[in-house]
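Scroll down for the structure; my scribbles are underneath it.
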Amino acid sequence: KLHSDLDKGVGTVKYTLSGDGAGTVFTIDETTGDIHAIRSLDREEKPFYTLRAQAVDVDTKKPLEPESEFIIKVQDINDNEPKFLDGPYVASVPEMSPVGAYVLQVKATDADDPTYGNSARVVYSILQGQPYFSIDPKTGVIRTALPNMDREVKEQYQVLIQAKDMGGQLGGLAGTTTVNITLTDVNDNPPRFPKSIFHLKVPETSHVGSAIGRIRAVDPDFGKNAEIEYNIVPGDGGNLFDITTDEYTQEGVIKLKKPLDFETKKAYTFKVEASNLHLDHRFHSVGPFKDTATVKINVLDMDEPPVFSKPTYTMEVYEDTPVGTIIGAVTAQDLDAGSSSVRYFMDWKNDVDSYFTIDATEGTIATNELLDRESTPQYNFSIIASKVSNPLLTSKVNVIINVLDVNEFPPEISVPYETSVCENAKPGQVIQTITAADKDLSPAGQRFSFKLSSEASNKPNFTVHDYRNNTAGIETRRNGYSRRQQELYFLPVVIEDSSYPVQSSTNTLTIRVCRCDSEGTIQSCNVEAIFLPVGLSTGALIAILLCIVILLVIVVLYVALRRQKKKDTLMTSKEDIRDNVIHYDDEGGGEEDTQAFDIGALRNPKVIEDNKIRRDIKPDTLRFTRHRPPAEDNTDIRDFINQRLQENDVDPSAPPYDSLATYAYEGNGSVAESLSSIDSLTTEADQDYDYLSDWGPRFKILADMFGEESYNPDKVT
């Protein structure tokens, strides 16, 4: 209630209210100043309100007093129960934990005012979950209440927790939550076999390494505490089998280590031990954490393939052994009760297998071709054996045949040697060490001997010193060698091997004489170096060679000039001999060659100069100038000869003997045709030589020889 000292109770004063909650939560009577709450209040929502009040004159609306501020505080009552804000809870505790083992702490919150009364004082209790767990009433800590709780008996527990305010007194409000508690596993149980004997049946054809059976020990623990390790106890049959653990099922997987044979042994018995891998020392007093069971294995008889007597066969044979020679045999047997017969055959893979054959019944291996150790020293192939009663059952064995060497190749010098000897070599000096090689392979190792051939032993140049270790040295026997006398020496060396029969070969070693310094270092082995000992240097030799070349050039030039001069003299001398001697200085290509010279000059006399003087006599001062009338193109040879004959007849300066005229006519086959009558189609009787009488007295002899003779039968004999 608000009241102003200026209020006389006559209604002249008006009260106003402003501030937090004015008009919504609180209201004021304007005349009396009474303040009322117009709705219910919640301390947990808003614990106090700050308001302002003022007295105002009704008529003037002016404040009669300054504005005053006051606080309205909401008083708490127990209207809120405790709440578990983090519930429900999940917790775990190891099994077999002792009493009082910590599990979890819970906490409840009460919204009431903790400073006013007991409205916010909470007390905890267990409504469900006893007698396994307990809780501290003040702190809310949950602990185990029973010892040796076993996870294998009960693993999950649900505990109901209550929190009550007012200190747990009657009338207090309460809240609850659930705590789910799980017992975690510890290794408190050993593995146990569900039965003491396990029976397994295994075929004798089972492969080594294959799984032949499974056994299992039971461990009620969980996770790594249930991991089991299996071991075979040493004893009967334990060395034929092995056991491993399946990490998913924790079963013991029995595997075969060695092949089984029903005919050898039909049953095996051994013990298997199962134990935990991860032990807990707190439970050692419980007893040993392992168990043992007996495993009995019965071997089942199966139809098996033949078995060879050896895993691998190795044989030897000499090269060049005749075809069909037996070199060995393989043997396979059927060990089953029926004991079937066995057949053998080659496992053909390549052409190498064709060198041998095998007897299908006896298993003997023989050569099928001639063998050569130098070509193939070893053969490797397979033999297959099958049962007659069941050909599908086969077995295979590897056969190795080594080809033994027969001494058939002579030893030879291993590499070609380039041997040289100094001119100043001393007797007994080793100039070359040689080795030998043999294509044959001796079982005891190769042993070679070296010596000179019989024809070389008497020569005092070189000798061979056998070192008895498959090497030999070439030694000098003379005091110095001369390249001028002999540049190359050919030394025949005989090499023999030690095998039977003894093989030998003669190898020729070429030895070159070289110039060396005083220390024996080779300086030159070239041919031109032979002249060096004369005392001339290389420069002097080059100068001499140049001089020789220059002299040769001068001689060649001189001969060429002489030949040219002689040719000019010959031409001058020929001027005094005949008229028409023409030198072509060219050898023709035969009668068929029409391109070697221009025959037009022979057929066209126009090319001859009109003022050409005669060359067969010395010209006089008053020389008669002859003018040769030009001939027509393509005139006949006979007309040309007649024209020249006429010119000579009327020439007063011509000598009284026949003139030598060279016409340079090639003969048969030319364009101008032949002037000879040797190959003429007509006979001599068909020719008319009467025109020779018309040529003058100088052709009288020809006219008489070829003129027409009168037939006189009296002269015919």
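Every residue, even glycine, has its Cβ placed from backbone N, Cα and C.
Annotation comment: TrEMBL describes 4-84 (among others) as domain 'Cadherin'.
Summarising the annotation, TrEMBL assigns domain 'Cadherin' to 85-193 (among others).
Across the domain 'Cadherin' (194-308), the model assigns an average pLDDT of 87. If you look up TrEMBL, you'll see 194-308 (among others) marked as domain 'Cadherin'.
The domain 'Cadherin' annotation in TrEMBL covers 309-413 (among others).
Residues or ranges marked as domain 'Cadherin' by TrEMBL: 413-531 (among others).
Marked as transmembrane segment by TrEMBL: 530-561.
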DSSP residue counts for the domain 'Cadherin' (194-308), split into helix, strand and coil: 13 helix, 54 strand, 48 coil
Residue distribution over DSSP helix, strand and coil in the domain 'Cadherin' (85-193): 3 helix, 45 strand, 61 coil
